[in-house]
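Asks: Right, I'll just put the structure down here and ask away after.
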């Protein structure tokens, strides 16, 4: 999608350029609010978290920010003290150029791990950036944060007079354990810091934290939201609903663009003892290489789903005799379908989005997670990815 001026939140501007970090495409994105924002961020729990994560986590502790720096094609992870110094220098340079206090800036970085930033190029490219800020171009920003993505990822909604927009990137090294790959949300709605924090974290937990491409949690996962309040207050419930819709849209875009992916997998587990159990079982299914390859081959092999459920060894209250497995609405376990239904099941498994539904019949809680199939393309892309 492309945003029009009428669908763009007011009071934001951007500076987007190529600094030569890896190639000739946009690799530096700066998004600024005209006024200080209520803000929140959630980040990777990886033990190898990069300086961008640690700095942003610190800067957002007070629930305020006015700008976000996003660098693509280089994660700046595992570079020791020099990597920390480089990230801090970039924040200081942007602060000097824009007049925003360094502590009111967040930074995110994505790309190859273990390479230092080309800091001389970055220094040169940021000279005069404060005078080059233009009306916010969220479409270009979504393209500028891409690495191995094949399409940009953007979504928007309106609540009353306020607009919300979200951009994200990610196709591999994706099983968020806090937040997401990289995702950024901007709104001109007025909202308190505590309310924003509650809504944002609930949204992330039920969308991005329910996404898995390859079970690998990134060292750079970051999700940040800025709300500048210029459009005034909006109903909290409507704001929360709109934010969740945007996040859900972005999750599906990421799943569709998973490295080598041809299909989205949606797994819903219901009748669980609690939400955590439902989510654990659903994740076990969507993460299974055998389930993923069965989906790729349009093979309705429900035994692989049963296997994935069975791996959840800590869920001692799951009784196989009570479990029901469906592909779409067709029940495959207990095995009640006839041989003539096999073609129908193959049709279901051939869709661009394959729905797997499991009922545990223990309690009342439900969780839905998303992923994609596993193909030769994933191996090819990652086998050739240069360090």
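Cβ coordinates come from backbone N, Cα and C, glycine included.
Bear in mind that the values here come from a model prediction, so they are computed numbers and not experimental data.
Marked as active site, nucleophile by Swiss-Prot on the basis of sequence analysis: 180. Residues or ranges marked as substrate binding site in Swiss-Prot: 147, 169, 180, 259, 382, 387.
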Asks: At a 10 Å cut-off from the C-beta of residue 259 (substrate binding site), count the other C-beta atoms across all protein chains.
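Replies: Counting Cβ neighbours of residue 259 (substrate binding site) within 10 Å gives 24.
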Asks: If we count other C-beta atoms within 10 Å, could you say which of the binding-site residues 147, 169, 382 has the fewest?
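Replies: Comparing Cβ neighbour counts within 10 Å for the binding-site residues 147, 169, 382 gives 382.
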Asks: Please classify the secondary structure at residue 147 (substrate binding site) using three-state DSSP.
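Replies: Residue 147 (substrate binding site) sits in coil per DSSP, no helix or strand.
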